[in-house]
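So that you can see what the record holds, here are the features copied from TrEMBL:
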- 73-96: transmembrane segment (TRANSMEM)
- 102-119: transmembrane segment (TRANSMEM)
- 250-268: transmembrane segment (TRANSMEM)
- 280-299: transmembrane segment (TRANSMEM)
- 335-355: transmembrane segment (TRANSMEM)
- 367-384: transmembrane segment (TRANSMEM)
- 404-424: transmembrane segment (TRANSMEM)
- 461-486: transmembrane segment (TRANSMEM)
- 517-709: domain 'STAS' (DOMAIN)
Amino acid sequence: MLRPTGKQYVVTRPLYSEDAFADEHAKVRRQRKTTRHHVKDYFTWNSKRVKNAALSLLPIVGWMRIYRLKEWLLSDIVSGVSTGLVAVLQGLAYALLASLPAWYGLFTAFFPVIVYLFLGTSRHISVGAFPVLSLMVSAVVTRMVPDEGSLFNITGFQGLSIEEQRVMVAASVTFLMGLMQLAMGLLQIGFIVMYLSDTLVSGFTTAAAVHILVSQLKFVLGLEVRGLSGPLSIIYVSEGKIFVQIEKTNMCDLATSLVIMVVVFLVKELNDRYKAKLPVPIPVEVIMTVIACGISYAFDFKEKFKVDVVGHIPMGYESPVAPNMEIIGHTAVEAFPMAIVGFAVAFSVAKVYAVKHDYTIDGNQELIAFGASNIFGAAFKSFAASTALSRSAVQESTGGKTQIAGLISALIVMVVTLAIGFLLEPLPKSVLGAVVIVNLKGMLMQVCDVPYLWRRDRPDCVVWLVTCLASILLGLDLGLAVGLGAELITVVFRTQFPRCSVLANITGTDIYKDRKDYVSIYEPEGVKIFRIPSPIFFANIDFFRGKLVEAVGFNPLRVLRKRNKAMRTIRKLLEKGELQMLPKGLLFTSSGPIEECEHYSNMEDLDKPIDFKDLPLRVNWNSDLPANIQVPRVDVHSLILDFSAVSFLDISALKGLKAIKEFIWVEVEVYIVACDAHILEKLHSCMFFDEDIKSSMFFLTLHDAMLHVSEKHPVRSENTNVYTKQEGIPQSSNTFGGVRKQYHKYKCI
């Protein structure tokens, strides 16, 4: 019965053990489906399920039915035009980042967008090239086709130029990446990205930004630098390829890049500061690109200043091609991390906008959408597609409501590809490099998170640092694997070495907290409450047992051995007549030293309780024993294990938990409280209970167990202490948890 009284509540109910509660309150019996039923349901189809499956596979049908033509169409058109202009520029820049001819970036900004329009569940992300993925493509491309020519004997490379070979490698690895994403989506394993924490992704993208920065220096400085991939490649490129040629810097490229970076940076800052007042963000990258393109054409930068420009851009699209299976066999290792990173970044961005605009996205459907987009795009020689945060921000901030904006942006890209691409031919590559570097600001500024992480959560900080440094030094693919390993190690350490604690009652309440953290606490004499704050499994069961022994202050097995030896010695002395029974106690009559019997000392059953019922006495182990027999004293009569935070036990933990009977053997009562119902079922099914460990030792709550202990071991007022840590002086009390003698009621304030 619950009676609220203002900010207090009063509860009156019986004291419950798990057995008592189960006897009094019947449980609902649920019929659990077998694997056979799940398989049958999966392959059973009806009209409703077919309709839901169609809507799930084609999300465009869902949002097109609610499309508000008059309200949303104009916003989508404005957003699509703005996003399309940015997509053209970023497509060219990220194609160079992928070590491919610039115009192939236009393909990536078109084909994947069309497929995602029909299959994607996000209405606001802009699909296309992503700098981190472009860099990962570049690593594969430069490994398979270095500047001096391919080192692999690939049949499809015969008669192709180096650029054409690189395009084939990029398209093939993109096809394999899309195939992996599609397979994961169909198998419903989109949850795999949950293993990439925000900390790991932050460290990884920061390292990727460093790689991107170094890779763009050759365009900014106007140097000829051969691409390298593999561990320590960033050091070889920086020291051996760039800095040794620093005196060959093209000053026109450098000046152009600096002007572009300063202007774009300042205008972007103004966009952020006045975004509430501006109807649409100022498309500064597009404006500066047009200006730079015009100046380059007017002053003939290519001939007069030897500036490297984009050059010839073919009109139209190329015929679709099949992926090269030999290349796929050589790039499978790189394709998998690309598939994971591409989806993880896109899904995280999509979640942000889905929450902001109040709609849901489906992770598995997103995998299917990106997989199909990359497979379709690879057929037309586009490279890996995901989403870029800056481009998606433009699409959303300019008023985009649905993927109609993405369709409009794809049409803008198509117009450039089919009609006006030649206008971009005099564009200096240094301008594209400068734009890429400026857009790295968000990723590079993640370094500022390190001090915060160090203060708040050092294991997470270690994951960030390990992932970032490994990705910088070893490359993005190996760095991601190392970071994931470091993350899993921190999870293992958090569960393998949890912060166990000894609890005490907060005076006058039914609340129990760590005894080290509070001033006014109540600890009944002879009672220890031990809290386990994590699952118990094979890796931490020994740690848990060690902490438990440390908490109670004695090793029960050692005490048991000492007691067994002492009882055998007493039996031997009684048999020899050197120990006599008197009304006041035992009298030791021998004056010589006590000799331990070899027969007894070498027996292996000292670790088990021995039946001494034939002896005419009962030993009080906390009193002085005769003949100077020394046995460690045990001041604890009740041990309570708080399982409220234990979510599962494995078989090793069940075997290790059996060790609690060692406490029972030394006359310490053990109670387990707040145990999860599924764990209790597992204990019963695994035959955990025996003549020592009984189900009656399990209690519903910690307070129930404490009341039971208090009832079984009444505490005299002179032995009960309420500790006030500020004074350090125990005060006499005969109340417990707001209860005075009536153990079945308590009052909480």
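Placed from the backbone N, Cα and C atoms, the Cβ positions cover glycine too.
TrEMBL does not curate its annotations; it predicts them automatically.
With a cut-off of 8 Å on Cβ pairs spaced 6 or more residues apart, the transmembrane segment (461-486) and the transmembrane segment (335-355) reach 3 or more such pairs and are scored as touching. Proximity of distant same-chain residues to the transmembrane segment (367-384), defined by a Cβ-Cβ separation under 8 Å and at least 6 residues beyond the stretch ends, is recorded for 57, 95, 98, 100, 104-105, 107-108, 110-116, 119-121, 127, 129-130, 133-134, 136-137, 167, 170-175, 177-186, 190, 317-318, 320-323, 338, 342-343, 346. Segment contact is absent for the transmembrane segment (404-424) and the transmembrane segment (250-268), given fewer than three CB pairs below 8 angstroms at sequence separation of 6 or more.
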